[in-house]
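*Asks:* Here it is, the structure, as structure tokens.
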Amino acid sequence: MKTSFINALISSVMLLVLATFFMGLRLNLDGTNLVVQNAGSVRWNWIATGCAVVFLFQLLRPVWQSGLKKISGPALVLPGLDGSTPKQKLVMAVLIIAAVAWPFLVSRGTVDIATMTLIYVMLGLGLNVVVGLSGLLVLGYGGFYAIGAYTFALLNHYYGLGFWQCLPLSGIVAALFGLLLGFPVLRLRGDYLAIVTLGFGEIVRILLLNNTALTGGPNGISQIPKPTLFGLEFGRTPREGGWDTFHNFFGLKYDPSDRIIFLYLVALLLVVLTLFVINRLLRMPLGRAWEALREDEIACRSLGLSPTRIKLTAFTISAAFAGFAGSLFAARQGFVSPESFTFVESALCAGDCRAGRDGVAVCGDSGRHPAGGVTRADARSQ
């Protein structure tokens, strides 16, 4: 009980410290000075409630864990959600409809955060192809993310191409770099592969930082346009050379939140397409080859499969998804710089799919994976 009390106290104190800086304090401009002020009693009440919940949860966790062990019955199995049955298709349709309607019911800031969250979801799904499905530890995924973002930024800056024109090009360019990276790392595994890919991510960032004539160096590239709806822009006035604005074409009152909601819907569409593509790949022989490579490369060779080809496809497809996400990130920010693609981004992506050997394969075939299509990259050690 003493140990549980200490753990509960430490957890609640850590939450209090983090929440104080993120929620309890507010930065305001006083002329040219930045002033730190109290965020108000409402937020402090939420912080106190959260700390109390965490404290009680950690304190009573041994009690309910021991109680769960005494309960007899079948183990909890996560249901599959791959759209293979009419019921699953209905559930997925309801979830998509709810996700589409949600941004119209919440604030602009919440929708903007959700858009960034969806971008990281896409990155996590893409990285999961090479980490969770193929069992290859990659720590430089942010490099492909940066390539996709800068492809859009450079094509728009020098050639005036829009988002929808650059979106497939960003994926293609990132996929080509993934293919090129796959060749020199074919014989590497585990930590050695992670170190090489980590170096790749840093090389991309340093090249973008030092090539000031092309990429702008540390100043980055600004004035990146937002996505349009069949040429209709969501600004107050159309850009130079643009066609018309969304509100003017439909005779609506201008609302700046329309641009944020549309960007969220674009991100949601790309995430749904990513899930669909990965789900289809898992059902194809290529997906089974990825899993065979992850479980045992020697056995994979004995089955007549080519590990070289399998690794290259994993790197290429995974990099393409990062390129799509990078293009969407550039459109959301309207500005890109090398400092947006540090190792922290790669670490966040790795955390999205539970990093390294603890990756998960989402949207799998529940017939092959009893846990609803969720597999672990370290399955051979279980």
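Note: Cβ is positioned from N, Cα and C throughout, glycine not excepted.
Predicted, not measured: the structure shown is a model, and the values here were computed from it.
Taken from TrEMBL, the feature transmembrane segment covers 6-25, 46-64, 90-106, 118-142, 162-183, 190-208, 260-278.
Neighbours and distances for these, please.
*Replies:* Same-chain neighbours of the transmembrane segment (6-25): 36-39, 43-44, 46-47, 50-52, 54-59, counting only residues six or more beyond its ends whose CB sits under 8 Å from a CB of the stretch.
For the transmembrane segment (118-142), the list of distant contacts is 189-191, 193-202, 204-205, 264, 267-268, 270-271, 274-275, 278, 281-282, 287, 290-291, 293-295, 310-311, 314-315, 317-322, 324-325, 328-329, 332, 341-343, 345-350, 352-357, 359-362, 375, 377: same-chain residues at least six beyond its ends, Cβ to Cβ under 8 Å.
Nonlocal intrachain contacts for the transmembrane segment (162-183), taken as residues 6+ away from its ends with a CB within less than 8 angstroms of a stretch CB, comprise 143-144, 147-149, 151-152, 155-156, 197, 200, 225-228, 311-312, 314-324, 326-328, 331.
Here the transmembrane segment (190-208) has Cβ contacts under 8 Å with residues 136-143, 146-147, 150, 181, 184, 215, 217, 338, 341-343, 346, 356 of the same chain, all six or more residues outside its ends.
Tertiary neighbourhood of the transmembrane segment (260-278): same-chain residues 96, 99-100, 103-104, 108, 111-112, 114-115, 118-119, 121-122, 125-126, 128-129, 226-227, 229, 234, 246, 321, 324-325, 328, 331-332, 362-363, selected by CB-CB distance under 8 Å and a gap of 6+ residues from either end.
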